[in-house]
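Beneath this line is the structure, given in structure tokens, with notes to follow.
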Amino acid sequence: MKKEIIRSTVHLLTLSLIAKILSFFVRIACARILSAEAMNYYSLTMPTTVFLITLGQMGLPSAVSKIVASRQDYTPVLKASVLLSVINNLLLTVFFIIVIPLLAAVVLKQQVLIPVLRAVVPIIPLVSISGLLKGYFMGRQEIIPPTACQISEEITRILFLIGCFTLAPTTDPVKMASIAVFSMSVGEMGSIVHLLIALKRKKRVLHHVSTLSDSWHWETVNELLSLSLPMTGSRLIGSLTSFLEPMCLVLFAGVLLQQQLITTYGQLNGYVMPLLTLPSFATIALSNWLLPSFTYQASRHRMDHARKQFFQIGLCCLGIGCASGLTLFCFAEPICQLLYHQTQMVGLLRSLALPFILYSIQPCLSSVLHALGQSQKAMIDTTCGCLTRLACISFLTIPLGTQAVGIALVSGMLVTTVLHLGRVLRCLFQDEKAILLPQA
């Protein structure tokens, strides 16, 4: 059994590492190919993209993963999740298409962003489809397909970018940013094809989806929503914060400071964050595996084994974060020069490297809270962190200028992580009887 767990973990980390390297290659290619103006447009659009992805998925992948892991008959839940996803994505896509001009002109105050925002539209349903498929596999504790599909996603995206910028080169920053954004949708198509092939090989689930019109009950929908909505709450609040952050920067900055802040924001999201979140290939993969595995043990009241799993995964994530943070702090300049051929973001990277070590355990803590039925409390923690982040942006932008961007990011992250950690330890060791354990 232990050998099987070790083998699965090694496979998971290896595939995640390959996918992350390919993803990082895409980011480096975009950073080198896109002009500074195009990178700014791309960075300004990303918070909106993440926000829409969160709304589109609606927490359904995590809910499906948890339910599949904790019960035998999960077919009605799969049918309900597909139905909810179709309705939600249809409404969200139509609404977003209508408000794009208003969002670009009034909210972001960048009329030229309209074509870039339109390039976001296809990714809304595509990410939802791939998310449901990944949730099913993770619930079955089959970690290879949802991890390996990320490799297909990145390879497809790389080929698309190479083809576009080679066969139809352009210097228009709006077109360049639009191509970079649309490449995300192309990558998701590759991921979906990979997952569907994996399902076809196992000869499962596809016939369940084809009988979607068969009898199903509203109780199933209500059960699914009772899990998915609290789970998506934390992500939605985090995405909303990222969505509001550039607006706050534009709102509270003066005319002269505004361009400097936009440049710093572009550096943070385009260059620094990919390096800071590099360990996430392992921490998120391990946390995604921990959610159904911890749920499986908790639903059978094997809390000692569940605690052991949490500490093993948590310490592993922390070790990965320490190694990455110390490396970035000590070798920030040569790393930036090697990857980006520029070093103006070195100071920002070095100032954030060590605090972001704690970020490595946040996905693990979040997964355990969801598994223990504490999703609403996790959402409260995330809300506190996000409000702290926005407050720092609002009150520190004028006195501290560009430094407020980094301070806000670190402050929000630390508040959320510390609150998560306190709740997890209290649930596991003090309030075990109050935990909403799922039933097998």
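Just so it is clear, glycine is given a Cβ too, placed from its N, Cα and C backbone atoms.
TrEMBL annotations:
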- 12-35: transmembrane segment (TRANSMEM)
- 81-106: transmembrane segment (TRANSMEM)
- 112-133: transmembrane segment (TRANSMEM)
- 154-171: transmembrane segment (TRANSMEM)
- 177-199: transmembrane segment (TRANSMEM)
- 236-259: transmembrane segment (TRANSMEM)
- 271-291: transmembrane segment (TRANSMEM)
- 311-340: transmembrane segment (TRANSMEM)
- 352-372: transmembrane segment (TRANSMEM)
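Relative to the transmembrane segment (12-35), the listed stretch 154-171 leads the set 81-106, 154-171, 352-372 in CB pairs under 8 A. Contact count against the transmembrane segment (177-199) (Cβ pairs under 8 Å) is highest for 112-133, out of 81-106, 112-133, 154-171, 271-291, 311-340. Sequence-distant neighbours of the transmembrane segment (311-340) (same chain, 6+ residues past either end, Cβ-Cβ under 8 Å): 28, 31-32, 271, 275-276, 278-279, 282-283, 286-287, 289-290, 346, 349-350, 353-354, 356-361, 363-365. Taking Cβ pairs closer than 8 Å, the transmembrane segment (81-106) reaches residues 48, 52, 55-58, 60, 63-64, 112-114, 117-118, 120-121, 124-125, 128-129, 132, 135, 209, 212, 216, 221, 224-225, 228 in its own chain, all 6 or more past its ends. Tertiary proximity for the transmembrane segment (112-133) is limited to same-chain residues at least six positions away from its ends with a CB under 8 Å from its CB atoms, namely 41-42, 44-45, 48-49, 52-53, 56-58, 60-61, 64, 81-82, 85, 88-89, 92-93, 96-97, 100-101, 103-104, 146, 149, 174-175, 177-179, 181-182, 184-185, 188-189, 191-192, 195-196, 199.
Long-range neighbours of the transmembrane segment (271-291) within the same chain, counting only residues 6 or more positions beyond its ends whose Cβ lies under 8 Å from a Cβ of the stretch, are 8-9, 12-13, 16-17, 19-20, 23-24, 27, 31, 62, 65-66, 69, 138, 141, 143, 146-147, 309-310, 313, 316-317, 320-321, 323-324, 328, 335-336, 339-340, 345, 348-349, 352-353, 356, 359-361, 363-364, 366-368, 370-371.
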